């Protein structure tokens with residue numbers, strides 16, 4: 001075999017080209033193994049905050065092999081990229097919140113609007129003469145609103161660091177008329193008095 005036919009120049013004819021991630025019979029389990037142990041033993045977890053421990057000690061959602069990206073509801077939490085292009089749903093009672101870095105734009109150059117279930121953030125610099133040329137910057141970012149958020153309640157604020165913070169409270173769950181989740185009668189020790 002000539003050196004020109006091998007992907008790497010190696011002068012040992014007994015060496016064969018191999019990919020350890022594809023050729024080995026164990027390659028399918030190479031990155032899947034938990035080795036029968038939790039990621040963190042119990043004695044090391046005493047100092048971890050309560051919110052971090054379940055996230056760090058939970059099992060990996062699926063296999064991750066070269067060239068593969070996990071898809072599913074946990075992909076958002078683990079990789080910061082929402083599955084199916086949606087923003088993550090807020091936790092019950094917490095407002096929906098998204099931050100957009102707009103540090104190179106002035107407040108008067110930014111526009112935030114809601115349309116068809118999306119928040120659209122856009123910014124545009126006027127043309128400026130810089131370093132022997134004309135520079136113009138503009139961007140548009142669309143963020144899909146979760147179903148739990150009313151588009152009318154969306155508001156935005158700009159931090160001193162140049163982060164545009166877009167927030168909206170969750171819509172409270174509606175109950176249908178006649179549902180037994182609430183009582184129509186006033187309690188006997190009520191402070192209300194009927195006026196005559």
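Every residue gets a Cβ built from N, Cα and C, even glycine.
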* Where does the phosphothreonine label fall among 45, 63, 140, going by Swiss-Prot? -> 63
* Looking only at the domain 'sHSP' (74-185), report the model's average pLDDT. => 78
